[in-house]
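S.K.: Have a look at the structure that comes next, please.
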Amino acid sequence: MELPYVVVIILFYLGIYTIIMNKNLIKIVVGVNIVESSLILLLILISFKLGGTAPILDRKYELVVDPIPQALALTAIVIGGSLIAVMLALVIKIYKRYGTLNVDEIRKLRG
Amino acid sequence: MTGGKVVIYVILNMLMIFLLFTAFFAVFTKNLLNSIITLAIFSAILIVIFVILQAPDAALAEAVIGAGLTLTFFVITINKTKDWQNE
Amino acid sequence: MSRVHKIFRKFYKIGLVLFLAIFLLFIFDEIQNLDIKRYLSEHYISEGVQETGAINLVTSVLYDYRGFDTLGEATVILTAAATLSFMTPIKKVKMLGTEFTIIIYQTIIIIIPFLVVLGMNLIFFGHISPGGGFVGGVILAMIPILVTINYGITFSENKLKPNHKSLLEGIGAIGFILLGLLGIFAGSNFLASGQANFGLGNPGELISAGLIPYLNLMIGIKVGAGLAAIFNSLIKEG
């Protein structure tokens, strides 16, 4: 088991832990961001081959890394940015309505 | 493995450790502004890892979106909510 | 009994997370040791330059082989911009009361042309170097963001009206679909550029790779206008 895969697992579950246990809404968005980053890192790690070059074939090459996971990672990064923008807009909306960012207090106020 | 590859391998593993440090600091610090600035540093370390792993396209996208645009969005949100401390 | 119950309530979430982490560890161990032949990737690597004319294989996967997925991704950004515009109030909101020195104001004026050149370079050279429509579009979207942060929302909306941003985003989306329909008129599939033989040219030159540079331009316009609209909505929120 190599170290980078262990780092991916630790980052993923650190993000999940933040989403479950933290009370602040902005911290929850930070957790979502960390989960996304760990999954992108996993895609890039899958595409890597030892001794390979980047998938830009402008001269002679011997071994090229896998281009399909890199395209997926590009897609995931862009979609993640717009997703975080929507989540933060919802956070601002919630703050304007309830006056707090604490999840427990929001749940109390609603009931 | 030759000498250069060993150096790259060691640097990659060290960057992974730094990645863990920044992620844990971003999650467990009390000040929200510190947390968000650390998240930008997290993205910056991720860029170097992508370049070492031969993915320049993903590195450019992460540099522009992960370290630039997302930080702006977070700072705007904190400015709007004025709830700086964690509790 | 109740003490055990309390401790259990406190720790079961952490235990669940740890259990799932160990579970994932075994899955990754299997993935790492799995030795699959990736035939599709090998086909893209060996034939991609001849079939699409773009030497950046990531771009050729994104805009030629899997162009339909890129259309779906553009739709996601359009949906996000539409959602945020829907939530934003119409009335003017006064912005962050920050005052900068004259150094910053003058520096922004000098920086903006270089940002335009960088963004356009990344868009038009997307098929022969790293970059592409998404990255270039985001750098173009940085310009309204910088202007808004430094000079305030009123000045920024005077210079570039929100209606114009929506119009640009629409032009990008419609242009992408029309370029895709061009493939059908040429007697091939939707969004086909390599299969339909749209003048592939010599790989490595600027005017080559068929439809890919134009698709890059459309995606760049669309992503830039969409992210600028998202930022504008976010800063007017509340």
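Counting begins at 1 with the first residue displayed.
The backbone N, Cα and C atoms fix where each Cβ goes, glycine too.
For C:12-28, C:71-90, C:102-128, C:134-155, C:167-191, C:211-235, the entry in TrEMBL reads transmembrane segment. Among the features that TrEMBL reports, domain 'MrpA C-terminal/MbhE' is placed at C:34-83. What TrEMBL records for C:107-228 is domain 'Na+/H+ antiporter MnhB subunit-related protein'.
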S.K.: List the helix, strand and coil residue totals of the domain 'Na+/H+ antiporter MnhB subunit-related protein' (C:107-228) as derived from DSSP.
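M.R.: Secondary-structure breakdown of the domain 'Na+/H+ antiporter MnhB subunit-related protein' (C:107-228): 85 helix, 0 strand, 37 coil.
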S.K.: Short question: most Cβ pairs under 8 Å with the transmembrane segment (C:71-90), which of C:134-155, C:167-191, C:211-235?
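M.R.: Most Cβ pairs under 8 Å with the transmembrane segment (C:71-90) come from C:211-235.
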S.K.: Please give the sequence-distant neighbours of the transmembrane segment (C:134-155): residues at least 6 beyond its ends with Cβ less than 8 Å from one of its Cβ atoms.
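M.R.: Distant contacts of the transmembrane segment (C:134-155): 92-96, 100, 104-105, 108, 111-112, 115-116, 118-123, 126, 165, 216, 219-228, 231-232, 235-236.
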S.K.: Do any residues, 6 or more residues outside the transmembrane segment (C:102-128), come within under 8 Å Cβ-to-Cβ of it, and if so which ones?
M.R.: 53-56, 59-60, 63, 135-137, 139-140, 142-143, 146-147, 150-151, 204-206, 208-209, 212-213, 216-217, 220, 224
S.K.: Which residue counts does DSSP give the domain 'MrpA C-terminal/MbhE' (C:34-83) for helix, strand and coil?
M.R.: 40 helix, 1 strand, 9 coil
